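Asker: Here it is, the structure, as structure tokens.
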Amino acid sequence: MAFKLWLLDEETIYEHVFERYTQLEGQSGKLAQDLGIQDRRGGVLEITFEPSGLEGGRKKKRVRRRNKASSVEEDQNVAVDSYHVSVGQSISSLHSSRDNGNSTTGYVLWSTTPFFINWLLYSTSAAPFRLGSQVEVTCGSSCEGHMLELPRLIDLTGADRGKRGILELGAGISGILPVILGNFVDTYVSTDQKGILNKLKDNIMENLSQLTRKRCISRSLRLELPTVEPVGDADITAASLPSKSTLHLEVAALDWEKINLQDKKTHSLHPELSLIGETCSSVYVIAMDVIYNEYLIDPFLKTLKQLKHWLQTTYNLQFHVLVGIHLRSQEVTTLFLEKAIIEYDLTVYDIVDQVIQESRFNFYLIT
């Protein structure tokens, strides 16, 4: 069964937060009681993503290979590819008071991101994000709701003619979202503060082999399509050869406290954002575990408002946001929802799904 959406408002914010943290308390014996670092023991993490619990007891051959994604039987409803990534992280930088202006949480991989990837690719309940479909919306405590049409976040088949993009905010150093989800979109822009970008680029390049469904071009990573040499007397061009579709993948600095898209002079400073507008018909902004203290909330929401207004008015894009939160402080979660809904007038939905509710995470759809 697909997930449902609960439309939150000024009254239901508090009901939602109370219920969600009550669920957490009831599961305290099953869930890890930590801050959410994926693994603080090592500098290099090896992580595998693969299908599990497929419906109907169907057995599918799985192949696990180092730095090589395996593709098996095609299925439109769930992803069937497996991925293995190596993530270089810096525990020392996490605890440094000098690195990146003392903003250091991005130097390690946080567990919200791997959970989101597994849920999005392999959970049957996440199908609306893979297929593009209507989702049931419940409004407040009423049993009567409506249906919301969602565009595909990712296209597993490659047959959809729509051009889709992902803009990642607060990417951190891991680079696993672009090298995995990049297989299923046309444009991917991964952003964070300037001090994070070199390690982010290193991890993307280390795991570029996981982009098995796409040819990747990137100005920021200096990746171009390979040239094709003539064979015999034939003048063969790249366009004449059977090939994969192309992914535009960029890494860019984006400071939430400094961005000002209302000033046309600053547009030239963010060509990667213009790339999304020029190449896509829909965009999802993805932000995983970026809301963990109260000081980040206003800059983050101001950035979302600017991006929404600019991409919709300038390029007429379908615009949606997915925010993943590791549920730590109840006060921070409440404040984020209050500000998003009341102060910034954003439409916020709680993604209601059993798999998510059995975890320490929560995901919100913002339109």
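Placed from the backbone N, Cα and C atoms, the Cβ positions cover glycine too.
As listed in Swiss-Prot for this protein:
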REGION    55-74  region 'Disordered'
COMPBIAS  58-68  compositional bias 'Basic residues'
BINDING   Trp110, Gly170, Ala171, Gly172, Asp192, Trp256, Met288  S-adenosyl-L-methionine binding site
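Any idea what these are sitting next to in the structure?
Answerer: Its own atom aside, the Cβ of Trp110 (S-adenosyl-L-methionine binding site) has 21 Cβ atoms within 10 angstroms in the protein chains shown.
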Asker: So if I draw a 10 Å sphere around the Cβ of Trp256 (S-adenosyl-L-methionine binding site), how many other Cβ atoms end up inside it?
Answerer: 19
